[in-house]
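Scroll down for the structure; my scribbles are underneath it.
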Amino acid sequence: MSVHIEAATGEIAESVLLPGDPLRAKYIAETFLENAVCYNNVRGMLGFTGTYKGNRVSIQGTGMGMPSASIYIHELINDYGAKNLVRIGTCGAIQQDVHLRDVLVAQAAATDSAMIRNQFPGFDFPQIGNFELIKTAYEIGTGKGLELRVGNVLSSDVFYSENKEIVSKLGRHGVMAVEMETAALYYLTTKFNVKGLSLLTVSDHILTGEQTTAHERQTTFNDMIEVALETVAKS
Ligand SMILES: O=P(O)(O)O[C@H]1O[C@H](CO)[C@@H](O)[C@H]1O
Ligand SMILES: O=c1cc[nH]c(=O)[nH]1
């Protein structure tokens with residue numbers, strides 16, 4: 001067991017899907033996995049291991065924000081040997097042509113967090129996803145007829161941002177959407193030389209004010225979940 005995960009060694013698969021919401025982890029385990037077993041209930045941050053089409057996979061909730069997600073990602077890699085870590089999250093669109101329920105592939109992440117900047121004073125260290133996972137996810141998604149959007153996202157420390165003008169400006173500079181964990185995932189997977197990918201479904205639109213409900217967020221992002229499960233099955 002690690003500090004925040006009570007699984008025994010070997011109970012977590014090399015491929016782990018990472019929703020922020022632990023109830024989304026439960027929903028995915030119950031809906032998509034066979035023989036799913038819950039391996040973690042510490043702090044209610046549920047984690048499950050099962051099989052998807054014969055491939056062993058785990059689903060671990062990470063909580064909201066980079067400090068929380070970093071704890072789980074660090075322990076999954078260093079205490080449990082995770083090799084493929086795929087975030088499956090929600091985000092708010094900050095471009096007019098990105099729409100509610102679109103599935104985004106985060107190629108890279110900008111961030112307002114000091115977490116990474118503090119590791120390299122005076123440098124901007126780029127947060128990028130693993131090319132192989134990005135390519136596989138893109139091919140699987142487009143093969144299913146999804147119009148996946150690939151590009152930059154913003155990982156913010158602040159949900160209720162007062163920097164609306166800067167967020168809009170990032171949108172005008174090609175950033176598709178805002179969420180709160182991808183930069184940390186890409187930093188840690190790069191640092192520890194494992195593979196990281198972030199897939200995001202647009203749950204609300206910052207420019208138009210459109211929103212999905214919490215229930216829809218929990219249950220209706222199946223396109224993204226299937227792309228993630230099939231991507232790690234090939235990795
Ligand atoms: O739906 P999840 O994966 O939690 O992701 C998004 O939702 C939360 C904010 O509501 C943040 O964690 C943000 O990144
Ligand atoms: O972090 C997030 C997630 C969804 N929508 C937002 O506006 N921000």
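Each position is counted from 1, following the chain as shown.
Backbone N, Cα and C atoms are what each Cβ position is placed from, and that goes for glycine too.
Remember, TrEMBL labels are computer predictions, not curated facts.
In the three-state DSSP scheme, Glu179 (purine D-ribonucleoside binding site) is classed as strand. Look at TrEMBL and you will find His4, Glu179, Met180, Glu181, Ser203, Asp204 tagged as purine D-ribonucleoside binding site.
Annotation source TrEMBL lists domain 'Nucleoside phosphorylase' at 16-225. For the domain 'Nucleoside phosphorylase' (16-225), the mean pLDDT of the prediction comes to 95.
On its own chain, Ile88 (phosphate binding site) has Leu17, Leu18, Pro19, Arg24, Ile28, Leu199, Leu200, Thr201, Phe221, Met224, Ile225, Ala228 as residues at least 6 apart in sequence with a Cβ closer than 8 Å to its own Cβ. When secondary structure is read from DSSP and collapsed to three states, Ile88 (phosphate binding site) falls in the strand class. Taken from TrEMBL, the feature phosphate binding site covers Gly20, Arg24, Arg43, Arg87, Ile88, Gly89, Thr90.
With a cut-off of 8 Å between CB atoms and residues at least 6 apart in sequence, the same chain places Thr90, Gly92, Ala93, Leu100, Glu210, Gln211, Thr212 near Asp204 (purine D-ribonucleoside binding site), listed in sequence order. According to its DSSP assignment, Asp204 (purine D-ribonucleoside binding site) is in a strand. Look at TrEMBL and you will find Asp204 tagged as active site, proton donor.
Taken from TrEMBL, the feature site 'Important for catalytic activity' applies to Arg217.
Not one of the binding-site residues Arg24, Arg87, Asp204 has a CB under 6 Å from ligand 1. Straight-line distance linking the Cα atoms of Gly89 (phosphate binding site) and His4 (purine D-ribonucleoside binding site), rounded to a whole number, equals 21 Å.
Of all the binding-site residues listed (Gly20, Gly89), Gly89 sits in the most crowded Cβ setting, with the most other Cβ atoms within 10 Å. Listed binding-site residues: Met180, Glu181, Asp204. Those with a CB atom under 6 Å from ligand 2: Met180, Asp204. Cα spacing between His4 (purine D-ribonucleoside binding site) and Arg43 (phosphate binding site): 8 Å, rounded to the nearest whole number.
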